[in-house]
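Here is the structure we will look at, set down as structure tokens.
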Amino acid sequence: MKIRRKIGFLTILSIILIVLFIFIGLNSSNFEYFLYRRVPKVIAIILTGGAIAFSSMIFQTITNNRILTPSVLGLDSLYMFIQTFVVFALGSKNLAVINSNLNFIISIGLMIIFSALLYTFLFKREENNIFFLLLVGLILGTFFQSLSSFMQMLIDPNEFSLIQDKMFASFNNINTNILILSSIIILSMLIYTHKYTKVLDTISLGKEHAINLGVDYDNVVRKMLVIVAILVSVSTALVGPITFLGLLVVNLAREFLNTYKHKYLIITSILISIVALMGGQLIIERIFNFSMPISVIINFIGGFYFIYLLLKENKV
Amino acid sequence: MIEVKNLIKQYGNKSVVDNVSTQITNGKITSFIGPNGAGKSTLLSMISRLIPKNNGEIFIDGKELVQWNNTDLAKKISILKQSNHINIRLTIRELVSFGRFPYCQGNLTKEDIRYVDEAISYMKLKDIEHKYLDQLSGGQRQRAYIAMIIAQNTEYILLDEPLNNLDMKHSVQIMKILRSLVDDLGKTVAIVIHDINFASCYSDYIVALKDGKIIKEGNTNEIINKKVLESIYDIDFTIEDIENNKICVYF
């Protein structure tokens, strides 16, 4: 099977990159220190890459659009807003700020509530207009961003430095405390979504065909939107917002496999995502000597790819 | 039998479908005719649960629409809308296989594959079954979508302007297929159609709508009548009998 071979190739490539990343420059005297630092980083990269690819894939399917990522709904701005608000309202010494796991759970809870509300107001409308969704998402995103920066102006500079840490995507200051919790969440999402892969295939035909074929459309879309919100929270909590990665890897996966089957698409986009992040991190650490964050490279390449996609869609 | 009782659909204050009651009888082709904006497509979309109704009842085989289980309903009634843009790249065979989704949830069994094969050969698409939809002509694509509906194997088939953008040859082809679905396979077909002569030659029963209301309904002979058609469309009609078909001249 051709598709299986392609997936096998990506799996091997990501394993090679992971091994390279862990073992470069390792010797008998420093391995304890390096392993302690590098292994959590690798796990975080796999989790983030997986969460971003997975959520973007589902999001593009339920919105039936190939140039969207969950960030248009303002989900990652909302995450930053929650973080700022907690520090602003409760102070940096509150348990909700200090205890990473508690903070994480609160954020995810709020994100789920928000996405459920968004669903009721936007997706339930009859003329399910994608431009309306984009517009509202964009405005909400800006709204949350402005609110966050307003609060950031008002708070104590020391407390601000706590938030600043979370504002930029970087694998050099990963939130390692929540690695276990994130793994559990992402794995359970993957298992939960597994039985929906065929339903997602049908949804990618569009709303009317899906309903005609007996899919409980509203119900499935609502569930998937909540899953997207959870996954975005996990990836943003781990490393911060990486806007273009999802768009990039999901479209690459589609071009690479040329199939509509989510069974293959999800796993492939996750693998491409891991390869991109692992490779990018290797380049940054070994070639650029940590002189720039990985999000700069990804947004740079992603920006070009996005323009390419727009031009291509324009032609058809 | 599909029974519609006092169905209402409103957008804002405007009633698009206004207190409509009618029936779709088994084993017949029922055509919905009327000017643009008469509410024909909306009516069909509500019957097939694509859009929610504001008021009224829809009974399919005696059971209200909301009481039906989604999957069971998808084995009972199918709908094809007029514009079918699909965002993903599919071959004809893959598209037709989707028609079996209500039965197998995506895991095709031998029986499902047999239905897919039958639907493809029924629509004479066998030699191009591995072509992608975007490589097809309008007529071929429409046949592919109808093949999917045939594979879905439902008792009731609803089609919203199946002749949209097709030339005469392909239109006749599609209508003949619909006729044989009813006559040979015992299906029940309901269509929204604009070409009055196609409605006259191929349907058994006609429901005429205007401004969201049913103006008149009855067997084809009763509706293809100078007075009735003039009151629906507000233009002059001449109706001629040609080879046992009533042909309308309105140009």
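Just so you know, the numbers here start at 1 and follow the chain as drawn.
Including glycine, each Cβ sits where the backbone N, Cα and C put it.
Since this is a predicted model, take the numbers as computed values, not measurements.
Going by TrEMBL, these are the annotated features:
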| type | residues | note |
| --- | --- | --- |
| TRANSMEM | A:7-26 | transmembrane segment |
| TRANSMEM | A:38-59 | transmembrane segment |
| TRANSMEM | A:71-90 | transmembrane segment |
| TRANSMEM | A:102-123 | transmembrane segment |
| TRANSMEM | A:130-154 | transmembrane segment |
| TRANSMEM | A:174-192 | transmembrane segment |
| TRANSMEM | A:225-252 | transmembrane segment |
| TRANSMEM | A:264-283 | transmembrane segment |
| TRANSMEM | A:290-311 | transmembrane segment |
Practice task
Report the listed stretch (A:7-26, A:102-123, A:225-252, A:264-283, A:290-311) having the maximum count of Cβ pairs within less than 8 Å of the transmembrane segment (A:130-154).
Solution key: A:102-123
Practice task
State, in range form, which of A:38-59, A:102-123, A:225-252 has the highest count of Cβ pairs under 8 Å to the transmembrane segment (A:264-283).
Solution key: A:38-59
Problem - For the transmembrane segment (A:71-90), sequence-distant contacts whose Cβ falls under 8 Å of one of its Cβ atoms, 6 or more beyond its ends - result: 96-97, 103, 106-107, 110-111, 114-115, 118, 133-134, 137-138, 140-145, 147-148, 151-152, 154-155, 159, 162-163, 166-167, 228-229, 232-233, 236-237, 241, 243, 246
Handout entry: Leading stretch by Cβ pairs under 8 Å, where the reference is the transmembrane segment (A:225-252) and the options are A:38-59, A:102-123, A:174-192, A:290-311
Key = A:38-59
